[in-house]
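Handing you this structure, nothing more for now.
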Amino acid sequence: MDGSVAKGTSCIQDSQSSSVIANTDATLGRHLARRLVEIGIQDVFSVPGDFNLTLLDHLIAEPRLKNIGCCNELNAGYAADGYARARGVGACVVTFTVGGLSVLNAIAGAYSENLPVICIVGGPNTNDYGTNRILHHTIGLPDFSQELRCFQTVTCYQAVVNNLDDAHEQIDRAISTALKESKPVYISISCNLPAIPHPTFSRDPIPFSLSPRLSNKRGLEAAVDAAVTFLSKAVKPVMIGGPKLRVAKACDAFVELADSSGYAMAVMLQPKGLVAEQHPHFIGTYWGAVGTSYCAEIVESADAYLFAGPIFNDYSSVGYSLLIKKEKSIIVQPDRVVIGNGPAFGCVLMKDFLSELAKKIKKNETAYENYRRIFVPEGTPLKSEPNEPLRVNVLFQHIQKMLSDETAVIAETGDSWFNCQKLKLPEGCGYVTNNSLSAWYPFYLQTLEEKSSCCRYEFQMQYGSIGWSVGATLGYAQSVPKKRVISCIGDGSFQVTAQDVSTMIRCEQKNIIFLINNGGYTIEVEIHDGPYNVIKNWNYTGLVDAIHNGEGNCWTMKVRTEEELTEAIATATGEKKDCLCFIEVIVHKDDTSKELLEWGSRVCSANGRPPNPQ
């Protein structure tokens with residue numbers, strides 16, 4: 001046997017090589033730890049509580065697994081989200097109900113973004129199930145299922161482990177389901193079980209075997225033939241990548257089609273960074289009236305458009321204002337293709353469809369040539385006068401210069417969406433597809449290291465939970481320690497989750513955080529203004545200095561002018577390059593991107609539609 005593995009089969013090692021585990025290590029807690037390590041998790045984000053303390057003891061006993069204690073459960077969940085974006089899977093550990101319901105919001109966000117996050121909860125003692133006892137950390141009822149029922153709508157699998165006999169099976173099924181579905185799962189483990197040995201944990205676990213999903217061959221052929229016929233009739237077809245390129249692992253196939261077709265290629269906002277922006281036919285971000293200049297004009301004037309993995313919600317469609325006609329569209333979802341108003345082809349995987357279409361499509365560069373004819377390069381911000389108050393567009397001009405293959409960008413919900421979408425990601429950018437979870441794990445970390453040498457861009461648009469970026473920055477940076485994470489966070493969002501800057505310092509992270517202080521919830525102001533959008537101003541650098549408290553490496557600076565910003569960036573990337581750098585950028589409360597002004601008015605109109613007549 002040559003040791004080769006069929007393409008797409010997940011396997012960690014030959015199961016015949018499994019060794020006997022000492023009885024003291026053959027516990028439920030240690031088994032769970034080994035399983036997490038096996039799929040690529042090296043860090044778990046946790047908040048201790050009396051129901052999960054023994055479990056945490058056994059997780060940290062695994063030398064390959066590090067516990068990252070967070071300030072609250074919400075941030076622990078956001079950190080697992082950020083970790084999963086870089087590594088392909090993440091995990092958090094919280095306590096029963098008070099911890100579970102606190103982390104629930106973050107798990108819902110991970111579900112919306114198709115991220116496999118394993119949410120582990122320390123549950124009640126096995127002897128309390130089925131009794132009439134009332135426990136603390138509950139709502140005062142003897143029914144312990146409230147937490148489980150809450151998680152059922154935001155996870156793809158739920159396991160309640162209160163019996164050792166089936167614990168092995170339940171844990172394995174939950175983890176494998178998270179990887180197969182690319183969604184979060186919930187695992188509750190009774191607090192009196194983690195330390196108990198059991199025969200099912202006495203050997204190294206048999207490796208996960210995730211059989212590859214296959215396209216229906218006849219359906220694939222029919223879908224490709226129908227698409228070729230549809231596109232061959234078009235004079236100026238275009239192609240647009242959507243956020244589900246990530247979960248479909250179809251980024252390479254999408255670029256392959258762009259190479260062979262010659263079509264003008266754009267991406268929607270959510271998948272920015274999933275494909276290289278240096279591609280010769282890349283025309284920018286398609287986001288209707290607020291996307292890259294001239295991109296919407298080319299896309300919406302096309303007579304055929306292929307969307308790969310789109311999500312058309314009210315935010316991505318700018319208040320449902322995109323000028324897209326269904327009869328001109330090919331919509332390719334992870335396992336389904338719909339051409340115009342029909343036909344539809346199920347059981348056809350996106351990556352297979354795009355790859356096969358690339359082999360048969362005729363080259364047509366008309367749309368891209370049209371783009372080249374009308375394109376006018378964007379101007380640069382007005383030059384600042386000496387000591388003039390800093391403008392946001394000047395800030396992002398400087399952030400642009402900081403980007404390299406050694407950086408990643410995290411954009412908070414708000415005006416940072418609009419400013420960061422205008423950043424030009426440097427050569428080598430592209431999503432690190434976690435195909436290694438479909439291959440041999442021993443090569444996983446090597447593959448991750450090789451492919452992570454690119455500038456990445458992450459944000460949460462579908463769920464849009466303000467404060468997400470603090471925890472996500474913590475998790476992302478922990479997963480890829482060789483990168484310097486640049487986070488752009490508004491003051492309102494920062495006030496929601498600020499505490500875990502403390503955890504970044506404790507973990508010796510070297511992130512650069514730009515705190516944009518404009519005195520309120522700017523994105524809400526542009527949708528619907530009111531006194532509730534004004535927040536209490538904090539001394540943000542003073543707060544971070546207090547959190548730092550002289551322990552660890554942290555440097556802060558408050559900037560009000562371009563000269564001060566230039567000095568701060570030079571220090572952060574030079575003398576303080578090994579520190580967590582927190583730069584508070586003070587700008588005018590009305591200083592927003594023009595795109596936010598347009599987007600806000602359209603979303604406001606969509607939100608304000610009167611009820612349909614009954």
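Numbers here mean position along the shown chain, with the first residue as 1.
The backbone N, Cα and C atoms fix where each Cβ goes, glycine too.
The structure displayed is predicted, hence computed values, not measured ones.
Quick paste from Swiss-Prot:
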| type | residues | note |
| --- | --- | --- |
| BINDING | Asp50, His137, Glu524 | substrate binding site |
| BINDING | Asp491, Asn518, Gly520 | Mg(2+) binding site |
| REGION | 415-523 | region 'Thiamine pyrophosphate binding' |
Going by DSSP, give the three-state secondary structure for Gly520 (Mg(2+) binding site).
strand
To the nearest whole angstrom, state the Cα distance for the pair His137 (substrate binding site) and Asp491 (Mg(2+) binding site).
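A Cα-Cα distance of 32 Å.
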I'd like the number of other C-beta atoms within 10 A of the C-beta of Gly520 (Mg(2+) binding site), please.
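The answer is 19.
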Including all protein chains displayed, how many Cβ atoms other than that of Glu524 (substrate binding site) lie within 10 Å of its Cβ?
16
Given the binding-site residues Asp50, Asp491, which one's Cβ is surrounded by the fewest other Cβ atoms within 10 Å?
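Checked Asp50, Asp491; of these binding-site residues, fewest Cβ neighbours within 10 Å: Asp50.
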Taking the centroid of the Cβ atoms of Asp491, Asn518, Gly520 (Mg(2+) site), which other same-chain residues have Cβ within 8 Å of it?
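Filtered neighbour residues, in order: Gly490, Gly492, Ile516, Asn517, Gly519, Tyr521, Thr522, Ile535, Lys589.
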Using all protein chains shown, find which of the binding-site residues His137, Asn518 scores highest when you count other CB atoms within 10 A of its CB.
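When each Cβ's neighbours within 10 Å are tallied, Asn518 leads.
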Could you state, as a whole number of Å, the largest distance between Cα atoms of any two of Asp50, His137, Glu524, the listed substrate binders?
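Pairwise Cα check on Asp50, His137, Glu524 gives a maximum of 39 Å.
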Report, in whole Å, the straight Cα-to-Cα distance of Glu524 (substrate binding site) from Asn518 (Mg(2+) binding site).
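Per the Cα atoms, Asn518 (Mg(2+) binding site) and Glu524 (substrate binding site) stand 13 Å apart.
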Need the DSSP three-state call for Asp50 (substrate binding site) to compare against my parser.
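The three-state answer is coil.
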Between Asp50 (substrate binding site) and Asp491 (Mg(2+) binding site), what C-alpha distance do you get in Å?
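Rounded to the nearest whole number, the Cα-Cα distance is 34 Å.
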Across the region 'Thiamine pyrophosphate binding' (415-523), what does the mean pLDDT come to, as a whole number?
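The average pLDDT of the model in the region 'Thiamine pyrophosphate binding' (415-523) works out to 82.
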I need the CA-to-CA distance for Glu524 (substrate binding site) versus Asp491 (Mg(2+) binding site), whole Å please.
13
